[in-house]
Amino acid sequence: MSVDVKSDFSENESSSTPSPTTVPADVTWPHYPMMPFMQPHPLREKMLQPTFDPQIYGRWSQMGDTGFYGHPDLYPFGLPQLAANGQIPAVEAVDVKPPLSNGSSSSDSGMYPSPSDMMTPFPSTSSGAASSSELSAAAAAAANYQMRAATCYQQSVWPFMDYQQFQGFSWKMPLGNNHGKDRRSSSDGKTLPTGPGTNNVRVRTADKYRMVYSDYQRLELEKEFHTSPFITSDRKSQLSTMLSLTERQIKIWFQNRRAKDRRDKQKIRL
């Protein structure tokens, strides 16, 4: 009884164990194509020479400079004729000479222009002989062109560079400036009333020049300002007579001086 069970167990065990399967060597995998480097000869079809030639692919060629021309399959274009010793024969220089004249019967006479054609500016349009009037007209036109070119290039390319350097506004110029002298001379020519009753006399006219006070006038006005920032009408008339200024000029000077004093005090506070 036991023997039968053992035999049954051995049969079941042998049947449950899978037998190893052998994979043929030439099996193909359609979903996994073989990589290029796995092929036996991947680059043979792309090589210039299917067989290895040490004279062509060697690092140091043993056949000289002319050995490369010995392969017509590699150099099919313009191969020179090799001599028996493997050297390229020297080519004789060909001396090409231009024709002597236009009437020569040489086959290559049209390749080289004649000296007469080279002297003519436009061979296709110019006549054989130009008249003296045409030559004189051409000479006059050339002279006129040269004169106009010289006149043009004498001038500056940038017009603003031809003007004098800007020195500033005329009403800010010192006494030595010519523009300020002209404007002051025009204003000095006018006799302005001074003294009492000149509070409404306008000195600035259409010229819009700025009044330039002398050192003496500025000194006296500064002394008066330090005495009192606000000038009275009596003192204003006295200064007008003494400084040869109108009362309006003195009033405006004091207004500007008080504004300057306020700005200076604000700067000190900051």
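Glycine is no exception: its Cβ is also placed from the backbone N, Cα and C atoms.
Within the listed segments 26-85, 206-265, Swiss-Prot records DNA-binding region for the stretch 206-265. In the DNA-binding region (206-265), helix, strand and coil residues by DSSP number 43 helix, 0 strand, 17 coil.
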